[in-house]
């Protein structure tokens, strides 16, 4: 894993991949005229990530289902954090997994993968264009790495953060990869509580 991050850093420094950084305050950015970045698929349903009629705070994790270590670890930590959150705050939270690998992760596969970790986590898949736009919007770094002599063919090296969003998609806070569920639980209780009082 150490070497993967070195490779990713070198690729970024050499300008070999797009810099995925943008102003998170503008939720109106769209991938194209047909598919706005907020309309994703989960299972057989289309879901509006930025549905302002749904007042829940979103906590979003970007990864992919073939991820060997960071993704399952992070989602397990999120699951543990959800079990530490008060029922009141849990009802005001929408935990979401969004794949960075739409080529392999169908909406059904992403949904099933997320549900494995916790019944409340919704797995979503967008188009390749939507995925790139969402990554750019929230500063998610990812790069496809070809794997020679592997049945997987490629891996997706990516940054690992939990993104807390307002219903309209505005970024509230992001928390880096952690093995401590208490850190996430504290953020959930704080942000979900503030949202309830607003």
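Each residue's number is its place along the chain shown, starting with 1.
Even glycines carry a Cβ here, placed using N, Cα and C.
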Next on the checklist: If I go by TrEMBL, which of 118, 158 binds Cu cation at the same site as 67, 71?
Outcome noted: 158
Checklist outcome for this item: Cβ contacts within 10 Å for residue 71 (disulfide bond), all chains included, total 23
Checklist entry - Does anything in the same chain, at least 6 positions from residue 158 (Cu cation binding site), have a Cβ under 8 Å from its Cβ, and if so what? => result 62, 63, 64, 70, 100, 140, 141, 142, 143
Checklist entry - Looking only at DSSP and grouping its letters into three states, which state does residue 71 (disulfide bond) belong to? => result helix
Checklist entry - Are there any residues in the same chain, six or more apart in sequence, whose C-beta is under 8 angstroms from the C-beta of residue 67 (disulfide bond), and if so which? => result 155, 156
